[in-house]
Structures are given as C-alpha cells and as structure tokens.
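According to Swiss-Prot, the region 'Carboxyphosphate synthetic domain' annotation covers 1-401, on the basis of sequence analysis. Marked as ATP 1 binding site by Swiss-Prot: Arg129, Arg169, Gly175, Gly176, Lys208, Val210, Glu215, Gly241, Ile242, His243, Gln284, Glu298. The Mn(2+) 1 binding site feature in Swiss-Prot is assigned to Gln284, Glu298; the stated evidence is sequence analysis. Residues or ranges marked as Mg(2+) 1 binding site in Swiss-Prot (evidence: sequence analysis): Gln284, Glu298. Taken from Swiss-Prot, the feature Mg(2+) 2 binding site covers Glu298, Asn300. Positions annotated as Mn(2+) 2 binding site by Swiss-Prot: Glu298, Asn300. Residues annotated as region 'Oligomerization domain' in Swiss-Prot: 402-549. The region 'Carbamoyl phosphate synthetic domain' annotation in Swiss-Prot covers 550-932. Look at Swiss-Prot and you will find 674-864 tagged as domain 'ATP-grasp 2', backed by sequence analysis. Annotated ATP 2 binding site per Swiss-Prot: Arg710, Lys749, Leu751, Glu755, Gly780, Val781, His782, Ser783, Gln823, Glu835, in sequence order, evidence recorded as sequence analysis. Annotation source Swiss-Prot lists Mg(2+) 3 binding site at Gln823, Glu835, citing sequence analysis. Residues or ranges marked as Mn(2+) 3 binding site in Swiss-Prot (evidence: sequence analysis): Gln823, Glu835. Marked as Mn(2+) 4 binding site by Swiss-Prot: Glu835, Asn837. What Swiss-Prot lists as Mg(2+) 4 binding site is Glu835, Asn837. Annotation source Swiss-Prot lists region 'Allosteric domain' at 933-1067, citing sequence analysis. Marked as domain 'MGS-like' by Swiss-Prot: 933-1067.
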Amino acid sequence: MPLNKDIKKVLVIGSGPIIIGQAAEFDYSGTQACQALKEEGIEVVLVNSNPATIMTDKEIADKVYLEPLTVEFVEKVIEKERPDSLLAGMGGQTGLNLAVELYEKGILDKYNVKVIGTSIESIKEGEDRELFRDMMNRINQPVIQSEIITDLDAGIAFARKIGYPVIVRPAYTLGGTGGGIANNEEELIETLTSGLQLSTIGQVLLEKSVKGWKEIEYEVMRDSFGNCITVCNMENIDPVGIHTGDSIVVAPSQTLSDKEYQMLRSASIDIINAVGIEGGCNVQFALNPHSFEYAVIEINPRVSRSSALASKATGYPIAKVAAKIALGYGLDEIKNAVTGMTYACFEPSLDYVVVKIPKWPFDKFQGADRVLGTKMMATGEIMAIGSNFEAAFLKGIRSLEIGKYSLEHKKFKDLSMYELRERVVSPDDERIFALAEMLRRGYRIDMVSKITGIDIFFLEKFRWLVEEEQKLKQSTIDDLNREWLLKLKRRGFSDKAIADMLKVSPDEIYRLRDIWHIKPSYKMVDTCGGEFEALSPYYYSTYEQYDEVVVSDNKKVVVIGSGPIRIGQGIEFDYASVHCVMALRKQGIETIVINNNPETVSTDFSISDKLYFEPLTEEDVLNIIDKEKPDGVILQFGGQTAIKLAKFLKEKNIPTLGTTSDQIDLAEDREQFDDLLERLNIARPKGKGVWSLEEGLEEARRLGFPILVRPSFVLGGQGMEITHDEEELTYYLTNAFEKDSKNPILIDKYLMGREIEVDAISDGEDVLVPGIMEHLERAGVHSGDSITMYPAQNISDKIKEDVLDYTKKLALSIGIKGMINIQFIEFEGKLYVIEVNPRASRTVPYISKVSGVPIVDIATRIMLGEKLKDLGYGTGVYKEPELVSVKVPVFSTQKLPNVEVSLGPEMRSTGEVLGVGRNVFEALYKGFVGASMYTGDKGKTILATIKKHDKKEFMELAKDLDKLGYNFIATTGTAKELREAGIDAKEVRRIGEESPNIMDLIKNKEIDLVVNTPTKANDSKRDGFHIRRAAIERNIGVMTSLDTLKALVELQKEGAHNRELEVFNLI
C-alpha cells in the first residue's frame, strides 16, 4: 500500500481533446499515472472528454466518465463518486486550470477532496506570472525585465519605457495561446488585446525580448522529502523567440560548457524547491550565448510535452514516478523499471543523442502564415535517436513524412541569396532547408549564426551533411567504396538519400550494403549509459559494432505505428495500434512495435515486448524485419503511414497479416473499385478519374455542377474541394496537376445527402458491424469534421438493411480480413457508397467505447486466423445501447494565423470530445460544451451573413431562434429578408464601410455567434473569410453549416441546456 494510507480513491483529470499545444503526450502520462495508482491497489476515477484515448479504457481506470471538462460536470462526478483525493498534474493545462477552479470555488472543500502531488498553492506560484516573478526575486533567480499587465494602456506605457521588441505571455493559457512578439506599438495593441481576452484571469506578462538567446530546458523531479534530481536537460536548436513546441530540440544539450550546465541545473533545483513541487516540473531558461548571463523564462508545474519527450529520450517514466510521489513515496523508494535494480533517485545518463522535430499542419492550410514565433503551431512531433547528432537529425527529417530524405529541397534552389536570408531571418517550418541551401552556396557560418541565433556547433554539423551531399552528387555508384558508405550510414544517410544523389535505385545501395556486410546494429535505451544491466526492450539503430538485441525463436508479429500526430491521422490510430499489441500479447505472441512519436502510449516500452524507435520508412522498417524475421507484419492500425508500406513489403515477400496489398489497391484504385461496385450493383456518385484539365472540364459538363474534386490516395480529405463552376474547377485542376501529374484527379457529382458511416470487421466469411453512425452535417463536410451520432437517429430500417447488405458484399468481395471503414450517402431515399478504407479509421475508439465491442481485439484475432462466430459478439449489426453518444470535432484554427475556419471536404479538426445522454439533445449539449462550442448560455446576439441558396433554409431556423429570444444583426440584404419574415434585425455596414461596421462589432465583442455560410471556401480575399477569422480570434462562436445551427436550435427547443444532466460511468 502507499505510504499515505488515507488515499483510497483518486480522481484523475485528463486533458480533453487534442488541440495544438496539448496533444497525445497527456494520454501517455495519464495512462501511466492511472496504472501507477492501480498498482498500489487504489481505485481510480477518471474524467476526460476525449474518447480517442487509451486512458479512457476500462483496463486503465476503475470508473471512466467521458464528460465535459468543466467545473459543473466534474463536480457531478465528484458528488457521485466521492473520491478522497485529486491528482491534478496529469491533464495538461486543462487539468491544472480545472483543479485550480474547483479549489477556488470551494468544491474540493465541500466534498473533502485533498489535492495530492503538487499543491494548488504551488501550482499558482508556477502559473501566475506575478507570483512566480516575486518568488524568483526572493530566491535571487534572474528573470527578464517585465510587468504584469491587466489593461491595454498600462501595457503600452511599459513597452514605451523598456523599448521594443517585447514579448506578450498570457497567464493560464496553453502553447503560448494569445501571446507573441510585438516589434512596435501597433503590433502590441493587437497582441495584447488578444492575450488579455484569452487569459482565463485576464492577466498578461509583458517582458523585454531576449530573442536570439539560447533556450534550455531542464526536466526535474522532486518528492515530498525534498529529494530532487534532474531527469534530462534539453537544448532548443532554435533560439528564444520560437515556442519550444515549434523548436527542434536535442537531448542532452550539445553546446553548454560544464559550468553553464551545472549553473542551470542548480538553478532548476533551487526553483523547484522554492515552489514546493511534488512530482515532475519543467523549467525553461534563456541563456546569453556570449556570457554566463541567464534568465528564467517559466516553469510548468505538471507533466508536459517536454516531460513526455524526456521520458522517451531517457527511458525514465516521469508520469509514473510523479504519481508514486503523490502517494507519499520518496524517490529512493521507487524502483527503475528499466534496470530493475536502480531507483528513481538515480539521474539518467545518455550515451546517445535524441532529436525532436515538430510536425506542422501547413499541408492542410495553404494560405497559413508559416512564420514561427511564441505561439505554438505544430500538431505533433517525431523523435529520433542516434549515436551522433547528424544520424539522429537525418532520421528525424525522414520521420516527418514530407518526402524529404536529406537537407536538399528543390524549392530553395532557385531562390536568390537575399530570399534565402529572408526565410531564415523570419524562420518558418522549412527554415532548415533554406539554411542548408545558404551553406551549400558557401555563406559564412558565423554570419548564418548571427542572423539565425543557431549555435555554430549545429551549423557545422549541417555544413558537413551538405558537403557530403554535394560530393555524392558529383560522384557515380562506381566511386562509392565500403569505407565511404559506412561513414555515410554512421552519420544517418538513408539508402534512398544516397541513391537519389548518385542517380541509382535504393535497391542498388541495399545490395552493396549486403555485399559489404554493412548492416545496422541496435542499441538499448537503458537510462544509465550502460553502467547497469538494463531490462528494457527499447532500441534504436546505429552502424556501430556491437548489437544489443537478442532475437528469439518465438512466434512474433511486428505492428507498424502511425507516426506523428497530424490532422487526419491523430491519436485514434495510436489507440488502435496499442489495442492490437495488447490483443497479440494476450495470445502469447511476441509483439514488436516500430514507431517514432514520443507523445504516444505505443512508444512506452512497457506496452510491447520490443520497441524500435525508428523512422517508418521502407529501409528502416525492412532493416528491423531482416533482423527479427517476424511471422507477419500488421499494417491496418497505423493509418495511411502504415498502409503505404503494403506494396513494398509484398515486393520483398514479407507476409502481412490481414488484408493484402492487392486488396488495398482494389479499395483505393478508382477504376478497379468502380468495376467492383458495378458487379455488386452498388450505387456511387457518378464520376471518374481524369488526367488533364481538358478531360476534367469535359467530365464536369457531363455530370453537372457542383462537383467534388480530390487527389487519389490521400488521408483526411487532403486537397479535396467542392467546385461550383468551370472557373473554380479550372483553378483547382491547374494547381493539382502542377503538384502531382503522375496520378489522376477524382471527379464526382456532389450529392448533398445524409452521410452514414460504419466500421466493420470481416473474417472473409462473416461480417460484424458494431454500430451504424450518422453524421449531423450533410455530405460535403469531411467525416472527421462532422458531428457523429450513435445510434443513428434519422435512418430508416430499410436504409439500415442496405447499409449492412452493402458492407457485407464489399468486405467479402474485397477479401477483407480485419477492419474496413465505409462511408455512405443517403440521397433521395437511395444509398450510395462514397469511400472505402481497408483499415482502421479514426472512429474506431469512439465506436468501441460506446458500443462495448472491442473492435481492434476482434480484428487482430481474425488476422491470426480466428472466426467471428467463435468470438462471442455475433455477426450482422450489433445491438444498440440505450444511451446516445455524440462525437463532436474540436478545431485549433484559432492558433494558426490566417487559416480558413469554415467546414468543407478537407479535414481541419485536431481532436474530438464525446457527449453522452439519455437522448440525442442531452448528448449534443454535452458535446457542444465539451468542445467549447457556442451553446447560447452566455449571450444571444447573432451576426448572420448567409449565401443566396442557403437563405430559405436559414429563415426557418431564424424564426425558431427569434422565439428562443435571440437578436439578429445582418448586412442590408439579409436584414431586409429577416424583417420580411417578421423577425426584427439590426442592420450593420459591410467591411470597409464607415464605422461602426461588421469588424467593429466583432472587435468590441458585441456579437456572441457568427453564422456565416461561405460563398467560396479557401478564398482569403473575401469578406466572409475575414469575418470568420476575426470572430475565432476573439473567442466568438462561428458556425458555417446550417446543420450545426439546426442542432443548436433543436437542443435549445428541447431545453437540454436547462436540464439537470446526469454523468455516466462508461464501464
């Protein structure tokens, strides 16, 4: 039992939906913490709104509440469950803010709930900018000259006093939200206004900019006895001025002298002791590169993105140790699971280099401002491990899945030196490639360091890589000898990079490696630099001599993970991968995971029998398969990243379990799939693949507008658009064929019907459909961005029968063994198939949780040869539950400057929440609250700007809203039509007209909800785009689909928002 015998039932607060700044790392830390508590025999009650997480599984906690993370709903859970303790530091900023609010409102006192781990007072000292600054002054730790600001005038006065540039840092926000660097008064007014609005306590720290200093982080652990260690120190390659979540980070630090390292280590320990942290804490410093001057930037008094990275970089389980400390254990009492003999008080030592590179979503947002600053924009990250910096860095580049295997990028070749300089002075996500091009052209390293703030140490490494690339380009395959090839492999060059530069195929390099016996060896991540024997089966590749992998003769299966979190391929695929691993291990099969995402549960070495932290490229995967010789490889759960390897593995005669490469092609190749549908007599929207602009226009004339256009072989609707006329189609096709002329563009007649979705399991003979899901928004909104209801609410029995019939026919005809995801449209009483994915989809965690069917477990067992009829869940459509569950998407567009907000066929959401109720209205209300959507609870003024062919439908909704007490503001045309319909509407001037116009009303927050149906999506020159952006940046609700507005109307008419709602334990 824990040292504190009073702790028997602990409430753990999760972090909610995946958003920029708060991603899968909190599923990893939350899962680890829950397991650590259960190990001690403590009952765990978990509240989290995100259904796509492992931590919300019944195996992880004793009670699981998928409820909105608000004081109101968490109080209901506390009232029902009566926990004696609350663990606050595992749910990111969301969990921390919620714990503070519960404490301040007296709810924790009311129910006698004690906060364990870091106290609320310590959390406040770490989070409140003023308290933290005062504390630093008391313990003589230097902070940057700054002032706490709560109004605009005081901010302007302070900036004038200290001079520009200044940094704006709002209190209690996430990922630098609302902050930024202001170079002049105009920029300050804009950033400060936003920061004060977005801070939960209306407080901002305004500080003198030390942009260009080094940014160094220490991950520190402290127990309640005052024992303290540094787990890991990390160096941002990018200087202060770029958010650490958007920086390339290396561990351990590479450029600090011993004196600097010890100075900052001592400072971090002094800080964590002064604040009184009990558990994990991240301390960030700015270090002057030309002296020993430093300043404390901030601390995170909780587990964080950096602590997930530090855990994976060192093998030290920070969240688990923090949870044990919260129970009263000392660091010297907690065993290190990696060695099995040392304790958590041993500081890890690393004999390798770790590099983290962020993954940005700009492929989804063509018009986005890509310049990096103090506001985080990355959706995810990769981590790479190497025996030297260059090897880890190049592994990192190829892990990003951006089609790059070296530091060469074609788009920078034609830029002038002036243009390249601009790209690194205002750094963006591609700055490394611009910088490499400058070095390639002989730009002086000291000058590059001066303008970028990047240390000369790293620039010299980049220059060496660039020089080797140039040598290769000037050589032929005959010039390559064993010594040179081994040197390149040791420095991280992939076969593909070497082959591209020598203009041969990667197979040719692989053949030479085979002849010359140049094979990777695998080293263990052991936390102790090889000082003690390690038990952790956690490996990275190197081309050094000694290999630490012991290959067994057991039956074994490799599971390919899904790589970094990105829009369209999120945490749902990690959920599926982890469940696949669990199912295999239950069957006694040795399970090997290959993945490169430091945030996820799948890369926790305790999950699988072996973990290879490697890029998911053909070469890196093949090297491991060559080594392990598994009985099979599973690709179905790793999203498109894994599926893309199917053809390659087939060519190499490597067995894949479940659906084969040919079957995947049958589902994804347009012509083959159309032939199959014709044979099965299943309808699909009319259309075809076209290879040229002329052919596309001809097909569009035949089908009639509107037309849905998209590239083949994509994920998350990437590049998909609805075009309404020939001008729009010409613009789209011209751009699409410029990007990719080797594949056709798919053109479909756009049907505006109801969208229906199923995830099904097939064993080749029978099919099980765990549930039929209905999308609230009509077709044309990407399925990942639609509100999804289960059980389906508006589908006739006849259509349900057709859904099952079509699903069976498709699964059996394709030959699916395992999972299949199918999307349908019901249009004018007829069912059409619009998409088939022969793999796990992003709805798998949702439908698994709400139907009670362990989908991944069943699918995995089928891949191993079992039959559906023997697994206890039957066949056909599974019985529907009594409760209604609604999945609501969550967007991070507020954090990305100048990107589109409206819903459309390209996916834009980063996460999701669940709403569970006795009926669909209760579920929707909870979903809206959990997703921080507009619910009408706080204000009832609507700005309506509606396109012509939506006006009739809008008027019907406006009548209902009028009866519900809403006020309308509209531009001349819409206002006139509202008045003609008997609805009072205030007229407002358009953008660009004299004040007060639409923008003034939005800026002054005189509007509570913007209803705007876009005329031309993705056109940032139009007024609608500016209205949507201005609203979202000021936390004003925006709805761009009338279906979403209709849902709001219905739940208000039903009174779901005024009812006393229950909370439900889903176990």
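Using the three backbone atoms N, Cα and C, a Cβ is placed for every residue, glycine included.
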Using Cα-Cα distances with a 10 Å cut-off, which of the binding-site residues Arg129, Lys208, Glu298, Asn300, Glu835, Asn837 are near Arg710 (ATP 2 binding site)?
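Hits: none.
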So which binding-site residues are near Glu298 (Mn(2+) 1 binding site), with CA atoms within 10 Å, out of Lys208, Gln284, Gln823, Glu835, Asn837?
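Final answer, ordered: Gln284.
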Using only the Cα atoms of Arg710, Lys749, Leu751, Glu755, Gly780, Val781, His782, Ser783, Gln823, Glu835, which the record gives as binding ATP 2, return the largest interatomic distance in Å, rounded to a whole number.
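Between the outermost Cα atoms of Arg710, Lys749, Leu751, Glu755, Gly780, Val781, His782, Ser783, Gln823, Glu835, the distance is 18 Å.
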On a C-alpha basis, identify the one among Asn300, Leu751, Gly780, Gln823, Glu835 that is nearest to Glu215 (ATP 1 binding site); the candidates are the binding-site residues.
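If we rank Asn300, Leu751, Gly780, Gln823, Glu835 by Cα distance to Glu215 (ATP 1 binding site), first place goes to Asn300.
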Going by C-alpha positions, which of the binding-site residues (Leu751, His782, Glu835) is nearest Gln284 (ATP 1 binding site)?
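For Gln284 (ATP 1 binding site), the closest Cα among Leu751, His782, Glu835 is found at His782.
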Please report how many Å separate the Cα atom of His782 (ATP 2 binding site) from that of Glu835 (Mg(2+) 3 binding site), as a whole number.
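Taking the Cα atoms only, His782 (ATP 2 binding site) lies 12 Å from Glu835 (Mg(2+) 3 binding site).
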In whole Å, note down how far the CA of Glu835 (Mg(2+) 3 binding site) lies from the CA of Ile242 (ATP 1 binding site).
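If we compare the Cα positions of Ile242 (ATP 1 binding site) and Glu835 (Mg(2+) 3 binding site), the gap is 40 Å.
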Under 8 Å between C-beta atoms and at least six apart in sequence, can you list the same-chain neighbours of Asn300 (Mg(2+) 2 binding site), or say none if there are none?
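Spatial neighbours, sequence-distant, of Asn300 (Mg(2+) 2 binding site): Gly126, Cys281, Asn282, Ser306.
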Count the Cβ atoms, other than its own, that fall within 10 Å of the Cβ of Gln823 (ATP 2 binding site), considering every protein chain shown.
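Step by step: centre on the Cβ of Gln823 (ATP 2 binding site), count other Cβ atoms within 10 Å, giving 20.
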Going by DSSP, is Asn300 (Mg(2+) 2 binding site) part of a helix, a strand, or coil?
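Note: Asn300 (Mg(2+) 2 binding site) is in a strand by DSSP.
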Do you know the DSSP helix, strand and coil residue counts for the region 'Oligomerization domain' (402-549)?
79 helix, 11 strand, 58 coil
Helix, strand or coil: which one is His782 (ATP 2 binding site) in, per DSSP?
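Its secondary structure by DSSP: coil.
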List every residue in the same chain as Leu751 (ATP 2 binding site), at least 6 positions away in sequence, whose Cβ is under 8 Å from its Cβ.
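In sequence order, the residues whose Cβ lies under 8 Å from that of Leu751 (ATP 2 binding site) (at least 6 apart) are Pro685, Ala779, Ile825, Phe827, Tyr832.
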Starting from Glu835 (Mg(2+) 3 binding site), work out which of the binding-site residues listed here (Arg129, Lys208, Gly780, Gln823) have their Cα within 10 Å, and give them in sequence order.
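Those close enough are Gln823.
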Please report the Cα separation of Gly780 (ATP 2 binding site) and Lys208 (ATP 1 binding site) in Å, rounded to an integer.
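Just about 47 Å between their Cα atoms.
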Secondary structure at Arg129 (ATP 1 binding site) (DSSP, helix/strand/coil)?
helix
Compute the C-alpha separation of Arg129 (ATP 1 binding site) from Asn837 (Mn(2+) 4 binding site), stating it in Å without decimals.
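Between the Cα atoms of Arg129 (ATP 1 binding site) and Asn837 (Mn(2+) 4 binding site), the distance comes to 48 Å.
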Identify, in sequence order, the residues in the chain of Asn837 (Mn(2+) 4 binding site) that are 6 or more apart from it along the sequence and have a CB within less than 8 Å of its CB; answer 'none' if there are none.
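Ala667, Ile820, Asn821, Ile822 - these are the non-local Cβ neighbours of Asn837 (Mn(2+) 4 binding site), listed in sequence order.
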I'd like to know the mean pLDDT over the region 'Carbamoyl phosphate synthetic domain' (550-932).
93
